[in-house]
Structures are given as C-alpha cells and as structure tokens.
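Here is what TrEMBL records for this protein:
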- 124-146: repeat 'WD' (REPEAT)
- 147-182: repeat 'WD' (REPEAT)
- 191-232: repeat 'WD' (REPEAT)
- 233-274: repeat 'WD' (REPEAT)
- 288-322: repeat 'WD' (REPEAT)
- 367-403: domain 'SOCS box' (DOMAIN)
Amino acid sequence: LSRRPEEPVLLAELKPGRPQRYDWKSSCETWSVAFSPEGAWFAWSQGHCVVKLIPWPLDEAELCKTSERKSRGSKVEARSRGVAKEKTLECGQIVWGLAFSSWPAAEAGQTDPTCAVGLPCLILATGLNDGQIKVWEVQTGHLLFSLLGHQDVVRDLSFAPNGSLILVSASRDKTLRIWDLSRDGRQVQVLSGHVQWVYCCSISPDCSMLCSAAGEKSALLWSMRSYTLIRRLEGHQSSVVSCDFSPDSALLVTASYDACVIMWDPYTGEQLRTLRHVPLHSAVDYSSEVHTSSLRSVCFSPEGLYLATVADDRLLRIWALELRSPVAFAPMTNGLCCMYFPHGGFIATGTRDGHVQFWTAPRVLSSLKHLCRKALRTFLTTYQVLALPIPRKLKEFLTYRTF
C-alpha cells in the first residue's frame, strides 16, 4: 500500500529588494518561475522589469530563514556550484514569461558567438510587456537576441525539449509564434486560432505537439511538425489558463477558472479524468473577495505520478495521478504560478507580491509497471498501443484508462 505523502513544507521564501526608482505598489508580480533543464539554475521574474537568476540549490543562509524547514527534517542535497553567483537581468519591461534551454557547444572551426568552442551554455528567454522576447546567456548575462513580432504582452514561453532551439511564444495579441534561435532567431510560423489572450503554451516532451490555453473554454492542440491545428479540446466551462504534458507525452492537463483540471489523451482528445477544486473551509479563512474558482497554474512532477496546482483559494495542492482528490496541500497566499524541480522533491511558486516560495514535494520511487508504461509511451501513440496484440487490460493500463 502506498503511504500518504506528507504535506508540503515551506523551505524558503525569497522577497525582492525595494528598487528606489519604482512605485512598489504596482508591477511587482512574479508571473513566472523556471528551473534550468539540468537543475543548476532558478529564474524568477520578481517584478519591476527584473529577473533574478539563482544558483541551485539555495545556500544554507536562505534555507534557514524559514524555521518550518527543521520541523520535518527536510534537507537539500548538496551540489557543487563552483563559483556560480546570483545574477540580475534588467529587462527594461515587465517580465511575464521565462524559459530555459541549453545551447549546443560549438565545434572546432565553427564561429559561434554564443558559446566558447567545446563548451555548451545555458540561455534564458524572457517574454516582455511590450511584445519583445529577449534571450540571454546565463553565465555572462549577455543579451543574445531581441525577437520582434508580437504586438502585445508575451505571456508565456516554451522551448522544444530536444535541444533544437525552437522557441514558442504565447501573447495577448491572440497568436503563438515559432522562433528558431539556431537560425539567428528567425520567425518560422505564426499560429492564429485563438480569439482571446493566449495565457500558456506547452510543448510535449516528444516534441510532436503543442498545447495553448487562452481566455476561452477550449484549449488548442497543434502539430509541432506541420504547425497546423490538430483539434480543439472542449470540456471546460470557463477560461482555460494553464496546461502541461506528462513526461511521456501520453497525458495533457488543462486548468481553468471553472475550478477544474481536466486530464486528456492528447492523441484521441478523450477526457480521462476531471479534478475538481473543492473549497477546504476548515483549512482556510476565505474572505469575500477571494474567488475560489480561479485556478492559476498546473504542472506535472518529473516522474509523472503527481500534479501540482495553484488557485486563488490560497492553497497549493498536490494530486496523485490515480486519485480524484488532492493527497496533500499547503496554505499560500496570492499564488500565480508553480513549477517542479526537474529532479523532483521541490516545487517553486510565484506570488502577486513578487515573492517566490520553495516547497517540499513528495519523493516517490516509481513502480516497475509505471516505468515500463512511461518508457513505452515515450515512443508509442495511443493508437499504436491499441493496435498491439496484447490483452485489453494491459492496453487500458498503457493508455492511462485504469484510473
């Protein structure tokens, strides 16, 4: 029998400094947080046009600021960071979206101004209030590209996980744009189909699909090969604001203002499960201005067995894949976004106050069954699984229909 996970514990809460040249009462929201793919850096849009880059793990001084850490005996794994130091990027505009990617090392004989020969580097894309996308080299803080094309706020960014340097941007101008940084940031495609602001974009780990969420009751699923619309995912009763794929690309989750997360099979468009955010009055003192229906963010854990959600009811919830109710929750105020650490064990959340919080997350040893399913689904579509000459029960398990 699986043991119920412990409630998330707040490890640390970082607050931005008070810049003298800004009115602190506005433009301070942390709209986006991001871990680099290998987990060595954390980026935080701390408001007032500033992005803070923090080496991970946090040092002991930061972690010890929160006394709750010691109450559960949580520890952060030690990791050598060399001479890495915190960095600040002055972006010149309010920062809404963040995305990391690795830049391949240049080979001998190549003239690549981005990275030194033989040394891969890390880049960070920032989506700005004026429609620009600025791409930075993390180690030096140098600006590499200013991508122009969007006519309004760039709300979200997503790099293709295969290292191809393909970047997708989602904007309030109701479009998504595809950029190829390996070709000097050339704009490859403009995707039109939304009639409201686009809030979120997510590329599947196998790089075959793209999901986008706007202020509409449906999410759109696109092909990353042909950049054409595959289908509309209809089922929510209010605006869809966040989406994420499972690590094996076999599942897609969408979060909406209707207080529901829907789990989809992206290949068939079938709704597999609905997770409803029921108010927990005993845990939270609600005030009249809080709208419990306003979900803000959803994300999968790295092994694909848990989900995290942030909503306006002042709770961070953890959901197990096979259950319809949260298995753990923690009180938090004014949450806007959440993201798992790529190796598990931690969740970062951003707030309307410009703060970022780091929470413990359930560590799980995946069963052999799940590992086999994950390995198979990484390269088999739902239709290919259903065509296999195997028992029906096994097909149901491999297509996540045994919930």
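Even glycines carry a Cβ here, placed using N, Cα and C.
Tertiary proximity for the domain 'SOCS box' (367-403) is limited to same-chain residues at least six positions away from its ends with a CB under 8 Å from its CB atoms, namely 205-206, 247-251, 263, 265, 267-268, 272-273, 303-305, 321-322. Tertiary neighbourhood of the repeat 'WD' (124-146): same-chain residues 32, 34, 36, 41, 43, 45, 51, 53, 87, 89, 91-101, 103, 114-115, 152-157, 159, 167, 169, 171, 173, 179, 181, 184-185, selected by CB-CB distance under 8 Å and a gap of 6+ residues from either end. Per-residue pLDDT, averaged across the domain 'SOCS box' (367-403), gives 95.
Sorting each residue of the repeat 'WD' (233-274) by its DSSP state yields 0 helix, 24 strand, 18 coil.
Counting residues per DSSP class in helix, strand and coil order gives 22 helix, 0 strand, 15 coil for the domain 'SOCS box' (367-403).
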